[in-house]
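Summarising the annotation, TrEMBL assigns domain 'Pyrroline-5-carboxylate reductase catalytic N-terminal' to 5-101. Annotation comment: TrEMBL describes I9, G10, S11, G12, Q13, M14 as NADP(+) binding site. The domain 'Pyrroline-5-carboxylate reductase dimerisation' annotation in TrEMBL covers 170-274.
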Amino acid sequence: MFSGKIGFIGSGQMATALASGMLSAGLIQKDQLLACDVSSVSAEKFAAVTGGQICPSIAMLTEKADVIFLSVKPQSMAGVLQTLSQVSTSREKLIISIAAGITLATLEAGLGGPGRIVRVMPNTPALVGAGASAFALSQGTQAASANRPSDSQIVRQLLETVGVAEEVPESLMDAVTGLSGSGPAYVYQIIEALSDGGVRVGLPRATATRLAAQTVLGAAQMVLSTKEHPGALKDAVTSPGGTTIAGLHALESGGLRAALMTAVVAATQRAKELGQPPR
Ligand SMILES: NC(=O)C1=CN([C@@H]2O[C@H](COP(=O)(O)OP(=O)(O)OC[C@H]3O[C@@H](n4cnc5c(N)ncnc54)[C@H](O)[C@@H]3O)[C@@H](O)[C@H]2O)C=CC1
Ligand SMILES: O=C(O)[C@@H]1CCC=N1
């Protein structure tokens, strides 16, 4: 259980996934959840899905919340930081940015100096408790004291409630963004393509999609549970002269592995670009 209030500035896809995951896991109740958004459509959708309270302003949310997620697009961050820096109580709050590319230095500069600031890269499977997040702490985060956990412990608790969480040096946050932040979209394309393949060889669509998704889930669980190298697990599926090696040969001819590696590199590069100040 978490006893404080959690606020989201920006109540879109990722905020809704995190909030819903925390509620489903029983970490918080809906009366501990706040959000504010410039779009009333987005705010109302968040309230309808989560039951959280909508605040009319960033100032009001900041007064009430103990932990504040900055969950706007990177392009909207400068304006949010400017508004937040003018709310005197913001310096006491734990501020967690989930924006791709936005550095701790940019967050500190925008908020008027060092503070309780953390950079997190979550992903949308947090909605179903299967998220993969990484976080990097700024110098101004608080250590534990007799009556209070450290900011690091708070962030880890929030993220581990909705999946796995790794603390990483900030220099690796763009790489995390390119891999696990964007990664669910790569895997959805893989599942869709596998399903298309199943339909191509005669399976009904619903059956094909279910089998494809469960195959991805099962293979991922094998990697995590057995701790075997993925190549060794692949070898265990692959009979000499059998069906799997025929399929793997086709994947190699299509450049699947190179395409996935290039996707991670391209997304990492884009995260770096998003963190640059606009020209
Ligand atoms: N969608 C994803 O899978 C992931 C997104 N992120 C990061 O999360 C952040 C949000 O992304 P999404 O949820 O996908 O975007 P989104 O577009 O669904 O949500 C952003 C929300 O912020 C609101 N907003 C814009 N300016 C605002 C302001 N000044 N004050 C209050 N609200 C404002 C928008 O109206 C919108 O509802 C981004 O920085 C993104 O890099 C990180 C990991 C994964
Ligand atoms: O596409 C994006 O920019 C965001 C960041 C990671 C996932 N979605």
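Cβ atoms here come from the backbone N, Cα and C positions, even for glycine.
Automatic prediction, not curation, is the source of TrEMBL annotations.
Structure with TrEMBL features highlighted.
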{"residue": "I9", "record": "NADP(+) binding site", "Cβ contacts under 8 Å, 6 or more apart": "A35, C36, D37, I58, L61, I68, F69, L70, S71, V72, V80, L84"}
{"residue": "G10", "record": "NADP(+) binding site", "Cβ contacts under 8 Å, 6 or more apart": "D37, F69, L70, S71, V72, K73, S76, V80"}
{"residue": "S11", "record": "NADP(+) binding site", "Cβ contacts under 8 Å, 6 or more apart": "A35, C36, D37, S42, A43, K45, F46, I54, S71"}
{"residue": "G12", "record": "NADP(+) binding site", "Cβ contacts under 8 Å, 6 or more apart": "D37, S42, F46, S71, V72"}
{"residue": "Q13", "record": "NADP(+) binding site", "Cβ contacts under 8 Å, 6 or more apart": "T124"}
{"residue": "M14", "record": "NADP(+) binding site", "Cβ contacts under 8 Å, 6 or more apart": "S71, I98, P122, T124"}
Check: same-chain CB within 8 A of NADP(+) site center, minus I9, G10, S11, G12, Q13, M14 | F8, A15, T16, A35, D37, S42, F46, S71, V72
Over the domain 'Pyrroline-5-carboxylate reductase dimerisation' (170-274), what is the model's mean pLDDT?
-> 98
Mapped onto three states, the DSSP assignment of G12 (NADP(+) binding site) reads coil
Using DSSP three-state counts, the residues of the domain 'Pyrroline-5-carboxylate reductase catalytic N-terminal' (5-101) come to 50 helix, 18 strand, 29 coil
